[in-house]
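K.L.:
Just passing along the structure, written as structure tokens.
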Amino acid sequence: MKGNSYLSRKIHSLLGVIPLGLFIIEHMITNYSAYEEGAQGFKDSVKFLNDLPLVFFLELFGIWLPLLFHGVYGLYVAYQSNLNTGRFQYGRNWFFTLQRISGVITFIFIFWHLYQTRLQVMLGNVTHEELGNQMHSITTNGFYFVFYVIGIIAATFHFSNGMWAFLVSWGITIGPRAQRISSYIFMGVFVIVALLFLLSLTAFRGDEFKEAASAALQMTNLV
Amino acid sequence: MAETAVATKTVKLVITRQDAPDSAPYTEEFEVPYRANMNVISALMEIQRNPKKVDGQKTAPVCWESNCLEEVCGACSMVINGKPRQACSSLIDQLEQPVRLAPMKTFPVVRDLVINRERMFNALKRVKAWIPIDGTYDLGPGPRMAETKRQWAYELSKCMTCGVCLESCPNVNDRNSFIGPAAISQVRLFNAHPTGEMNKEERLEALMEDGGIEGCGNSQNCVRSCPKGIPLTTSIAAINKDTTKHLFKKWLGM
Ligand code: SF4
Ligand code: FES
């Protein structure tokens, strides 16, 4: 089965939910600790994650590789579509278009977000304990704050609408009624997940995350 | 004009034309006399009778295809005022003027409004959209189909391979190998038939190869556009379920 786009597309679809969908929920919960429990709570959550057994492999197989495949193949999927919302202004067609646009925005956003946070940790410019401060400096910069708000909305929409499409593509929601109800549910999910992420984003702007801004920031905050 | 005693009503048309498969398209404007209950085909016939553009210049008559004239053959599909549909069931009285006609560009244009829908027939061959009953001896009667099932299957059998669903689909284009909605719905039809069902794996497997069912991106334009009201997205989701099941069965070696 050489070059079988059926299998690649199925893997792309599956990875979007397991592990990436699970990860986005986990990420939301971790970040929310910044809103609910403040700087120390966030530090504890980050520490908890880093204390997980085999954290290196968890990250590699649970985040890095799936993200790379889903992202790169996703760009190819977007390239393969002729967006035609001009001619066919139907609701689902808009969602189809938005799914592709939000995917591309999410790709850029995640790339930059990883560079500013995870990569700086990897390079030794920031420690895990300083991630809160790092986020403080990012979110207090007007340009990055807006960039992050857009990125979060795009990513959470892509996740929620992607869940809807996943249920169709694997033949779980079949009839129009099932698909309609599922679309209501996942739009609800979108609102909740986006809101929780945005709340934590504003929480990072609080003074308690200030402390000493790390040197890495001067490097990553280009604007 | 108020002073004219008998105002002759006319129909204005703007037609996208193309002389040969690979020549550049251009548009021409026409004005034909109005008659009651005209459809797009009779307007085109009017142009054929008197192939003059609105400025009075002679031109080659516009080419189109049509057969049944009652929306069952699918031959006359074209883009009418921006939407793909059948010319024979598009009544002039219900269309905004000027009526804009263009070929369905998703398919290779042969000439003017004539397109080549061969890819759809190839798709039907690829998924084996028929019921194999030929043998070297009399196979006897097949199993009966339940009446309730026959009723919904009949809806799927109304497909006339007109190509409107492919034209409306954002994923049917030359960067994408997607087979298109119509053939997937036909797989559901033939897999629902008690005799056709005996070969259902073959049809599912044809959709689990490059350019199969995975090309569907759920824009759902097809179901909104199909002139026969075929529940295409339900068919696609149902076949998604069957192919998923088949995939796991094969993996587990069942
Ligand atoms: S499914 Fe509908 S739109 Fe598509 S080819 Fe058949 S009749 Fe035409
Ligand atoms: S001529 Fe057959 S569908 Fe229009």
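Including glycine, each Cβ sits where the backbone N, Cα and C put it.
Curation plays no part in TrEMBL annotations; they are all automatic predictions.
Straight from TrEMBL, here's the annotation block:
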BINDING   A:H27, A:H70, A:H113, A:H158  heme binding site
TRANSMEM  A:12-34  transmembrane segment
TRANSMEM  A:54-76  transmembrane segment
TRANSMEM  A:97-115  transmembrane segment
TRANSMEM  A:145-172  transmembrane segment
TRANSMEM  A:184-204  transmembrane segment
K.L.:
Examine the transmembrane segment (A:184-204) against the transmembrane segment (A:54-76) and state whether at least 3 Cβ pairs sit under 8 A, considering only residue pairs 6 or more apart.
P.N.:
no
K.L.:
State the count of C-beta atoms found within 10 angstroms of the C-beta of A:H70 (heme binding site), not counting that atom itself.
P.N.:
23
K.L.:
Going by a 10 angstroms cut-off between Cβ atoms, which of the binding-site residues A:H27, A:H113, A:H158 has the sparsest surroundings?
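P.N.:
A:H27, out of the binding-site residues A:H27, A:H113, A:H158, has the fewest neighbouring Cβ atoms within 10 Å.
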K.L.:
Where does A:H27 (heme binding site) sit in DSSP terms: helix, strand, or coil?
P.N.:
helix
K.L.:
Using an 8 Å cut-off from the Cβ centroid of A:H27, A:H70, A:H113, A:H158, can you name the remaining same-chain residues around the heme site, in sequence order?
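P.N.:
Result: A:L20, A:F23, A:I24, A:L67, A:T106, A:F109, A:I110, A:A155, A:F159.
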